[in-house]
Amino acid sequence: MTTFLIKHKASGKFLHPYGGSSNPANNTKLVLHSDIHERMYFQFDVVDERWGYIKHVASGKIVHPYGGQANPPNETNMVLHQDRHDRALFAMDFFNDNIMHKGGKYIHPKGGSPNPPNNTETVIHGDKHAAMEFIFVSPKNKDKRVLVYA
């Protein structure tokens, strides 16, 4: 399974568990931050064709919309949680540079800014625009894209 960083394309910041813990508590919010360290590495665990779990490598927890709803409303925070279920499935779109929840919405920086400050929370939202694009890059080279479905 490929290990990667999730990089906000517009700002160059990376998805992190808030506080940077190697074993964050359930429901720890996911934020954007400029730091790079081993506590913000992810892997993609394919479950059903293009759908899978985005796993935080250090803790084994996975990315969820807060509350684990199948169709979360706009502005629902993105968190890490230990539970695995179909309401925590995502597709990683290399061609359009987005991360889509199985409910049809996308991961965004809260507020939709193209250059959010450090510790900006991430949310689920239905809009599509350049400020919600993410790319998947190597921990060894933050400018080198990697295939997460490998």
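Even glycines carry a Cβ here, placed using N, Cα and C.
In the three-state DSSP scheme, Ile36 (D-galactose 1 binding site) falls into the coil class. Taken from Swiss-Prot, the feature D-galactose 1 binding site covers His16, Gly19, Asp35, Ile36, His37, Asn119, and the record attributes it to experimental evidence.
The feature D-galactose 2 binding site is assigned by Swiss-Prot to Asn27, His64, Gly67, Asp83, Arg84, His85. Taking the Cβ of Gly67 (D-galactose 2 binding site) as reference, residues of its chain lying under 8 Å away and at least six apart in sequence are, in sequence order, Thr76.
All protein chains included, Glu75 (D-galactose 3 binding site) registers 12 other Cβ atoms within 10 Å of its own Cβ. The D-galactose 3 binding site annotation in Swiss-Prot covers Glu75, His108, Gly111, Asp127, Lys128, His129.
Sequence annotations record features per position, and here Swiss-Prot assigns N-linked glycosylation site to Asn26 (among others). Secondary structure from DSSP puts Asn26 (N-linked glycosylation site) in coil.
Less than 8 angstroms from the CB of Asn74 (N-linked glycosylation site) sit Lys105, Val123, Ile124, His125, Gly126, each of them six or more residues away in the same chain. In the three-state DSSP scheme, Asn74 (N-linked glycosylation site) is classed as coil. Marked as N-linked glycosylation site by Swiss-Prot on the basis of sequence analysis: Asn74 (among others).
For Asn118 (among others), the entry in Swiss-Prot reads N-linked glycosylation site. Every protein chain considered, the tally of other Cβ atoms within 10 Å of the Cβ of Asn118 (N-linked glycosylation site) stands at 12. Asn118 (N-linked glycosylation site) falls within neither a helix nor a strand when secondary structure is assigned with DSSP, and so counts as coil.
The binding residues for D-galactose 3 are recorded as Glu75, His108, Gly111, Asp127, Lys128, His129; their greatest pairwise CA distance is 15 Å.
Report note: the D-galactose 1 site is defined by His16, Gly19, Asp35, Ile36, His37, Asn119, and the residues of the same chain whose CB lies within 8 Å of the CB centroid of those residues, excluding them, are Phe14, Pro17, Gly20, Val31, His33, Ser34, Arg39, Met40. Apart from the site residues Asn27, His64, Gly67, Asp83, Arg84, His85, the chain places the Cβ of Asn26, Ile62, Gly68, Val79, His81, Gln82, Arg87, Ala88 no farther than 8 Å from the centroid of the site's Cβ atoms, the recorded D-galactose 2 location.
Fewest other C-beta atoms within 10 Å: among the binding-site residues His16, His85, that description fits His85. Packing around Arg84 (D-galactose 2 binding site) is summarised by its Cβ count: 15 other Cβ atoms lie within 10 angstroms of its Cβ, all protein chains included. Comparing Cα positions, Asp83 (D-galactose 2 binding site) lies closest to His16 out of the recorded positions His16, Ile36, His37, Asn118, Lys128.
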